[in-house]
Amino acid sequence: MTASQIPSSSQPLLENEEQLNTPTPTKNSKKLALIPLIFIIFFEVSGGPYGAEAATGAAGPLLAILGFLIFPFIWSVPEALVTAELATTFPGNGGFVIWADKAFGPFWGSLMGSWKLLSAVCNLASYPVLCLDYIKLIFPIVDSGLPRYIAIFFITMFLSFLNYLGLSIVGYTAVVLGVLSLCPFWLITLFSIPKIDPSRWLSLGQKGVKKDWNLFFNTLFWNLNFWDNASTLAGEVEQPQKTFPKALFSAGIVTCFSYVLPLLGTTGAVPLEQGKWTDGYFANLAAMIAGNWLKYWMEVGIVLSVIGLYEAQLSSCAYQILGMAEMGLLPRVFGVRSEWFNTPWIGILVPTLVALAVSYLTFTDIVSSVNFLYSLGMLLEFASFLWLRRKMPDARRPYRVPLSMPGLVAMCFVPSCFLVYVMVVAHRTVYIVSALLTVFAIAWYFFMEFCKTKMWFGFESVDQVKVDENF
């Protein structure tokens, strides 16, 4: 599909226009079915409670448990509902980029794409770092210095190659990885039951330990966001209008239980030593509660989880880049697919290289940067959702959030307040980096517009686009 085949943002999506938003299937394409999509969404959002320990260390067991119980309803559910409606209304590669473009025009579509892509690429960089936080418990040599950077490089390149082999492979691999990586948490929950003291759940933290609200909310946010990332794969999903709502609902249930049950088990079974609740502590808890065998299994589990997290996130990045190339927001070369596996190999390569460039940061620094950029994108996404309801009231919506406009505004208002809070409490460095990246994103849009006037990078002239449309 060429950029000229994407309907203009000024044209509403009516019933006879639905197929224009779905990329034409290629000869070797294999569509994602429901079960693989559920686990891709699970890995886009969570991948299991690895990395969630910091919430207990920052605010104590009670607030950590309540956070993972309540936060999904004020944040994850609204985001998932918005994704379900818009992904089924505009089921094309590009996802939220298409939504912003339809609502406010190509400038905002490009800005949305830049914010979300940068946050996703930073997120990619966090997974090898998180993996090493567990591996270093067995092999301390990778804790710092040159061995750490070498390990990050080889982990990143290997995982990117797996993504190159095909989206269907990624989907079914995610199913296997999801089950295997969650098994140790099911087991630690079961082994914790005889040792649970319910009074430990009521602890607000040890005396003298100051609460770190910035870390607490960033940890919740990082572990429960990115519900909309799978929307960039909509063009590769089998019957997306029916499949997406079911997949989002199912993934939501799996995600919620994967956090709450292990936290209830471990915080209830072991006396609180708040300073130890940092990334990787679940493995030590497994040794204390069940033995070293479960600790080693959990450390293997984080490796499996990181593979799933990385593969799902990179797939989203790659197909977002493909969609932006189809829309004319990136040069056409970014939409080139592999002749062997039909995967957008340049869309895979670019995020991989950028992720490597930022992987020297600490896990906490990466999370803060990801959350700020993602917050900007989500505010624009909520605005696009509301405006499309007003702008295109007659558009065909296979799934429609069952609320009137005042109800939709209220639904989006609460998570939007949280997004603003996450941005306000960010560090000064995050502000500076985000401002520079936004300036770059704006400059990139106008550079692309200039390239179109000069017909550089494979862009067609306006006259040629009109000929193609008439034809």
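Backbone N, Cα and C atoms are what each Cβ position is placed from, and that goes for glycine too.
Taken from TrEMBL as is:
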- 1-28: region 'Disordered' (REGION)
- 1-27: compositional bias 'Polar residues' (COMPBIAS)
- 32-52: transmembrane segment (TRANSMEM)
- 59-77: transmembrane segment (TRANSMEM)
- 172-193: transmembrane segment (TRANSMEM)
- 247-265: transmembrane segment (TRANSMEM)
- 343-363: transmembrane segment (TRANSMEM)
- 369-389: transmembrane segment (TRANSMEM)
- 401-424: transmembrane segment (TRANSMEM)
- 430-447: transmembrane segment (TRANSMEM)
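The transmembrane segment (32-52) shares more Cβ pairs under 8 Å with 172-193 than with any other stretch in the list 59-77, 172-193, 369-389, 430-447. The listed stretches are 172-193, 369-389, 401-424; of these, 401-424 has the most Cβ pairs under 8 Å to the transmembrane segment (59-77). Residues of the same chain lying 6 or more positions beyond the ends of the transmembrane segment (247-265) and with a Cβ under 8 Å from any Cβ of it are 34, 37-39, 41-42, 45-46, 48-49, 52, 56, 61, 64-65, 68-69, 72, 76-77, 80, 83-84, 178, 182, 185-186, 188-193, 196, 201, 223-224, 227, 230, 282, 289. Beyond the transmembrane segment (369-389), the same-chain residues lying 6 or more positions past its ends with a Cβ under 8 Å from any Cβ of the stretch are 79, 82, 85-86, 89, 96, 99-100, 102-104, 108, 111-112, 115-116, 118-119, 122-123, 126, 218, 221-222, 225-226, 228, 361, 395, 405, 408-409, 412, 415-416, 419-420, 422-423, 426, 430-431, 433-434, 437-438.
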